[in-house]
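Asker: Sharing the feature lines straight out of Swiss-Prot:
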BINDING   F152, K176, E179, R180, S229, E384  NAD(+) binding site
ACT_SITE  C284  active site, nucleophile
Amino acid sequence: MTETKTLKNFIGGQWVASTSGKEEIVPNPATGEVLAKVPISSREELDAAVAAAKEAFREWRKVPVPRRARILFRYQQLLVEHWEELARLVTLENGKVYEDAYGEVQRGIECVEFAAGIPTLMMGQQLPDIATGIESGMYRYPLGVVAGITPFNFPMMVPCWMFPLAIACGNTFVLKPSERTPLLANRLAELFTEAGLPAGVLNIVHGAHEVVNGILEHKDIKAVSFVGSQPVAEYVYKTAAAYGKRVQALAGAKNHSIVMPDADLDMAVTNIINAAFGSAGERCMACSVVVAVGDIADELVERLKKAADRIQIGNGLDQGVFLGPVIRESHKERTIKYIEIGEREGALLVRDGRRDAATSGKGYFVGPTIFDHVKPGMTIWTDEIFAPVLSVVRARDLDEAIEIANRSEFANGACIYTDSAKAIRQFREEIDAGMLGVNVAVPAPMAFFPFSGYKNSFYGDLHANGRDGVEFYTRKKMVTARH
């Protein structure tokens with residue numbers, strides 16, 4: 001029997017075995033097969049990574065911006081060359097189907113492409129005549145050592161939101177990837193090194209709470225980016241801010257899709273099925289609530305059930321599979337408890353994902369689950385379940401639909417299905433969410449726009465990606481000169 005390998009940390013350009021003596025297994029969620037072991041590193045190992053990043057910053061900050069951009073361009077090329085390998089790795093450790101994983105790799109590559117445009121993005125501003133013989137200008141500079149804490153559900157895309165842009169801006173980076181999906185992070189570091197990134201500019205420390213708290217409290221880390229659940233995001237924001245750090249913490253969601261009576265139901269059903277059950281519902285832009293407006297509700301629910309019945313469940317590497325497993329057995333059990341709560345609180349269980357054949361075999365499978373006649377305030381409406389569970393709420397009109405969506409504590413995304421320009425305008429103006437979709441499945445923006453949730457979906461001032469990302473990873477100097 002082949003011995004399961006234990007992953008290493010990446011510190012100062014070297015792969016370093018952890019000395020903590022603690023580790024966890026990394027199973028394939030579709031089969032339970034152990035892929036690797038991941039170290040649960042110590043605070044001392046984090047300190048070593050920060051020290052390496054701090055030392056590397058002394059020279060990296062001086063590297064001309066066009067030269068940094070060329071390294072990013074080479075990195076982008078390597079990611080494209082290894083696209084299929086990276087997608088397969090995402091499926092193996094995360095469980096999402098290969099098609100979803102392939103798309104995730106594309107989004108990660110797009111983030112690197114955006115970061116490679118750093119010469120334009122880093123430009124400052126200048127006014128030559130603020131007074132007679134006096135000019136003034138604003139210049140951007142890197143912060144220093146910055147850190148990222150990333151989740152299991154997008155092991156390629158979310159790290160690529162963070163470290164390529166931060167490094168392009170002249171910072172050095174310490175990444176703490178999810179201990180559930182650590183394999184992809186290490187591969188990203190290998191390819192960045194191959195692209196010519198100097199030692200110490202990117203460091204990876206695997207771990208859990210001790211490493212997270214070390215990042216939040218470390219005096220030499222100037223900024224922290226986080227993506228994860230709402231309670232942890234709030235903790236990260238409050239703790240890091242208390243230590244004087246710049247923070248962006250992207251949190252949970254409960255995204256509503258409003259279906260109007262004039263909607264194209266074929267398109268709406270296809271999009272909702274993709275948004276609700278794609279990636280097993282484990283994404284912060286998943287559609288978890290449908291608000292059916294008027295007399296369209298019965299037909300919509302019937303069509304959603306029929307479409308869900310046709311979904312093939314299984315290993316994400318198998319041909320034709322649409323729905324893979326959730327990330328862990330504990331998450332499967334948590335999802336089943338939410339289904340039980342929904343029944344107990346009086347929602348109508350239209351499709352029970354617990355009964356799908358795949359749920360009784362190996363792997364952590366839950367089939368597509370649909371509730372109808374869900375009321376705002378029910379637990380399955382309120383909580384982020386983060387699984388293939390869809391709630392249908394009924395509303396009399398658009399006013400009530402928007403009021404229902406706006407009652408959620410979260411404000412990541414929302415969609416509307418309609419051809420009415422009036423309804424679209426009202427939705428755009430009145431809905432309380434950061435990323436809006438009109439007749440689209442998932443309104444997640446591309447890398448050159450900010451990922452802009454708010455309320456309890458976001459803690460901080462500057463969002464990930466786009467100009468917000470550049471602002472987050474740089475500081476400004478104003479220079480006023482007399483000639």
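Cβ coordinates come from backbone N, Cα and C, glycine included.
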Asker: Of all the binding-site residues here, E179, E384, which one's CB has the most other CB atoms within 10 A?
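Answerer: Of E179, E384, the one with the most crowded Cβ is E384.
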Asker: Compile a sequence-ordered list of residues in the same chain as K176 (NAD(+) binding site), six or more apart from it, whose Cβ lies below 8 A from its Cβ; state 'none' when nothing qualifies.
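Answerer: Counting only residues 6 or more apart in sequence, the Cβ neighbours of K176 (NAD(+) binding site) under 8 Å are L46, A147, G148, I149, T150, I204, V205, H206, G207, V211, V212, I215.
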Asker: Determine the Cβ neighbour count for F152 (NAD(+) binding site): the number of other Cβ atoms within 10 Å of its Cβ.
Answerer: 21
Asker: Taking the Cβ of each of the recorded positions and counting other Cβ atoms inside 10 Å, which one has the highest number: R180, S229, C284?
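Answerer: The most densely surrounded of these recorded positions is C284.
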Asker: To the nearest whole angstrom, state the Cα distance for the pair E384 (NAD(+) binding site) and C284 (active site, nucleophile).
Answerer: 9
Asker: Would you kindly give the Cα-Cα distance separating S229 (NAD(+) binding site) and C284 (active site, nucleophile), rounded to the nearest Å?
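Answerer: About 9 Å separates the two Cα atoms.
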Asker: In DSSP terms, helix, strand or coil for E179 (NAD(+) binding site)?
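Answerer: SS state of E179 (NAD(+) binding site) = coil.
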